[in-house]
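Asker: So Swiss-Prot has the following annotated:
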DISULFID  C185-C229  disulfide bond
DISULFID  C202-C221  disulfide bond
LIPID     C7  S-palmitoyl cysteine
LIPID     C10  S-palmitoyl cysteine
LIPID     C140  S-palmitoyl cysteine
LIPID     C142  S-palmitoyl cysteine
TOPO_DOM  1-10  topological domain 'Cytoplasmic'
TOPO_DOM  37-59  topological domain 'Extracellular'
TOPO_DOM  89-152  topological domain 'Cytoplasmic'
TOPO_DOM  180-239  topological domain 'Extracellular'
TOPO_DOM  270-280  topological domain 'Cytoplasmic'
TRANSMEM  11-36  transmembrane segment
TRANSMEM  60-88  transmembrane segment
TRANSMEM  153-179  transmembrane segment
TRANSMEM  240-269  transmembrane segment
Amino acid sequence: MGWHDGCIRCMVGVPFASVIATVLCFAGVALFCGCGHEALSGTEKLIETYFSKNYQEYEYLIHVINAFQYVIYGIAIFFFLYGILLLAEGFYTTTAIKHILGEFKPPAMKGGLISTVTGGPPKGRSTRGRQPVHTIELICRCLGKWLGHPDKFVGVTYVITILWILIFACSAVPVYIYFNTWVTCQSIAFPGKTTTSVSTLCLDARMYGVLPWNAFPGKVCGTSLLAICKTSEFQMTFHLFIAAFVGAAATLVALLTYMVGASFNYAVLRVTGRSDRSKF
């Protein structure tokens with residue numbers, strides 16, 4: 001019976017929304033960073049193979065791609081650490097809320113998060129002498145004092161969400177370019193569906209700002225473009241950009257879920273604090 005009660009208490013304190021958001025965030029970031037990195041490398045190969053033979057014409061593009069790839073490394077590391085912090089914050093604040101509302105009473109939360117959130121003094125301390133503090137308990141207390149303020153995470157997560165919306169919008173640009181290229185190739189493959197001459201159907205990389213206007217040839221037309229679309233490099237890069245876009249969307253959903261959960265926890269703690277920790 002004691003084991004069953006312990007499991008029930010643990011399940012009550014689990015922030016399911018934060019757990020789901022963390023899994024979604026890690027999966028989305030992994031998809032965005034991994035596929036985005038490889039898609040940028042594939043784009044570099046396509047440009048230097050089919051659209052320009054002079055290295056100086058696409059040298060700046062290579063530097064930009066390398067810079068984006070380093071940014072991707074930073075994004076992966078940041079979201080890994082921040083996702084863990086948000087998950088820990090969800091556990092701490094959910095446990096504190098359940099304790100305040102009388103739904104959950106953790107046995108070993110003395111002087112940690114609950115007293116930090118509720119403002120109450122630590123309870124149950126012995127006056128006979130101070131007990132030795134283990135390293136893990138000390139770390140938990142330090143985390144509790146910092147994580148017990150969901151208002152901090154609401155503001156930070158809000159700013160991160162705004163920035164990620166911009167990244168999400170930027171990740172749609174290469175998908176749009178590759179999709180237009182694929183549509184053009186379909187028109188070349190089935191000339192009966194269009195009245196335009198096949199030789200005039202082209203993809204001009206200079207038009208999208210990928211190459212300078214003096215780049216040669218800079219564009220590919222007709223059957224040459226169709227041959228590029230049939231290559232495994234083009235197909236793989238196109239699908240990798242789509243996967244990266246989906247990963248960015250999943251990460252955005254995870255951030256919104258985090259923000260809603262942190263806002264709810266903050267609101268509940270504020271309301272219960274103003275009403276002298278009364279239930280509602």
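In case you wondered, yes, glycine gets a Cβ from its N, Cα and C as well.
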Asker: Mind pulling out the one from 11-36, 60-88, 240-269 with the most Cβ pairs under 8 angstroms to the transmembrane segment (153-179)?
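Answerer: Answer is 240-269, with the largest number of Cβ pairs below 8 Å.
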Asker: Based on DSSP, name the secondary structure state of C229 (disulfide bond): helix, strand or coil.
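Answerer: Where C229 (disulfide bond) sits, the three-state DSSP reduction gives helix.
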Asker: Taking every protein chain shown into account, which of the disulfide-bonded residues C202, C229 has the largest tally of Cβ atoms within 10 Å of its Cβ?
Answerer: C229
Asker: When the topological domain 'Extracellular' (37-59) is classified with DSSP, how many of its residues are helical, how many are strand and how many are coil?
Answerer: 20 helix, 1 strand, 2 coil
Asker: What Cα-Cα separation, expressed in whole Å, is found between C221 (disulfide bond) and C229 (disulfide bond)?
Answerer: 11
Asker: For the C-alpha pair, I'd like the distance in angstrom between C229 (disulfide bond) and C202 (disulfide bond), rounded off.
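Answerer: Cα-Cα, rounded: 12 Å.
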Asker: Can you tell me which parts of the same chain pack against the transmembrane segment (11-36), counting only residues 6+ beyond its ends and a CB-CB cutoff under 8 A?
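Answerer: Long-range Cβ neighbours of the transmembrane segment (11-36): 68, 72-73, 75-76, 79-80, 83-84, 86-87, 89-91, 93-95, 98, 103-104, 106, 171, 240-241, 243-244, 246-255, 257-258, 260-261.
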Asker: Cβ under 8 Å to the topological domain 'Extracellular' (37-59), counting only same-chain residues 6 or more beyond its ends: which ones?
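Answerer: Result: 65, 68-69, 72, 174, 205, 210-212, 214-220, 224, 228, 233-234, 236-237, 240-241, 244.
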Asker: What are the sequence-distant neighbours of C185 (disulfide bond), meaning same chain, six or more residues apart, C-beta distance under 8 angstroms?
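Answerer: Expected: L225, L226, I228, C229, K230.
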Asker: Counting by DSSP, what is the helix, strand and coil composition of the topological domain 'Extracellular' (180-239)?
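Answerer: For that range the per-state counts are 36 helix, 7 strand, 17 coil.
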